[in-house]
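Noted in Swiss-Prot for the protein shown:
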| type | residues | note |
| --- | --- | --- |
| TRANSIT | 1-47 | transit peptide |
| BINDING | TYR56 | chlorophyll b 1 binding site |
| TRANSMEM | 96-112 | transmembrane segment |
| BINDING | HIS98 | chlorophyll a 2 binding site |
| BINDING | ARG158 | chlorophyll b 4 binding site |
Amino acid sequence: MAFTTKMQRSAVASRSSTVRVQAAGKTVSGSKTVSGGKTVGSASAESRRVAEVQAYLATLPGCGVESGPFKGVWDPLSLAATATVGDVRRWRESEITHGRVAMLAALGFVVGEQLEDFPAFFNFDGHITGQAIKQFDQVQQGFWEPLLIAIGLAESYRVSLGWATPTGTGFNNLKDEYDLGNLYFDPLGLKPEDPEELRELQTKELNNGRLAMIAIAGFVLQEVAEPGVEIFQHLFFTIEKDIVEEIDIIEKDLGLPPSFPVPTLPNLSS
């Protein structure tokens, strides 16, 4: 009984000591406590993380006023608020890659529609025609297999350059020494030696890539909304319609009969 009482007193004393330590603003680890249950140490780490991310963003091309109408970093979803530098590096690598693919896609989209009858083009003797969104299904066997191999080789090369071994802390992370987007592919020697010129060129690439991503999405949606009408057909129709409508307004003001009928958009889906 005496032993039990002694143990209870020790427990009470221990709890009292803990309360006094916590009341003094310290935990056993020595970190100061703040309101909300966080410690000063964790708050300082969070502040350092935010500062590191903001400082890193300031070094990236395409994140300043030189890249567009937005002042500083355009981040409407506040993704950078909870990100690390590693996250930002991975996002930038993704943006560069998707921008480059989109630039090729936007060019190929309109070229494929305009060169469908060109003998040297991959049109399989005229079997590939019409809207670009329909041409995917018209491609015959013998094309996709080499393309898949080429894409696999290109991606393997890109991964070997920039991505860390996907084990432990290296999973889904880029190599620290990797220069984002630099695949050492410059057959024409266009890469400038001057850092300012290089940054300007990188910003232009980013802006063109961003525009291309929006453009290719718009191309697809436009052709889905207007079946059978190719992109250039829609463009030329819009220009022609605007011109005819302006002429019609002028003729009405002058009391003249209309000279041209308002064009209608053809539907080639049938």
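Indices start at 1 and increase along the chain as displayed.
Any Cβ shown, glycine's included, is placed from N, Cα and C.
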Distal contacts, the transmembrane segment (96-112) - CB-CB under 8 A, six or more residues away: 128, 132, 135, 158, 180-181, 205-206, 208-210, 212-213, 215-216, 219, 231-232
Which same-chain residues, if any, lie at least 6 apart from TYR56 (chlorophyll b 1 binding site) yet have Cβ under 8 Å of it: VAL85, VAL88, ARG89
Inter-residue C-alpha distance, ARG158 (chlorophyll b 4 binding site) and HIS98 (chlorophyll a 2 binding site) (nearest angstrom): 13
TYR56 (chlorophyll b 1 binding site) - helix vs strand vs coil (DSSP): helix
Neighbour tally for ARG158 (chlorophyll b 4 binding site), based on other Cβ positions within 10 Å of its Cβ: 15
Spatial neighbours, same chain, of the residue listed as 'chlorophyll a 2 binding site' - Cβ under 8 Å, 6+ residues apart: GLY209, MET213
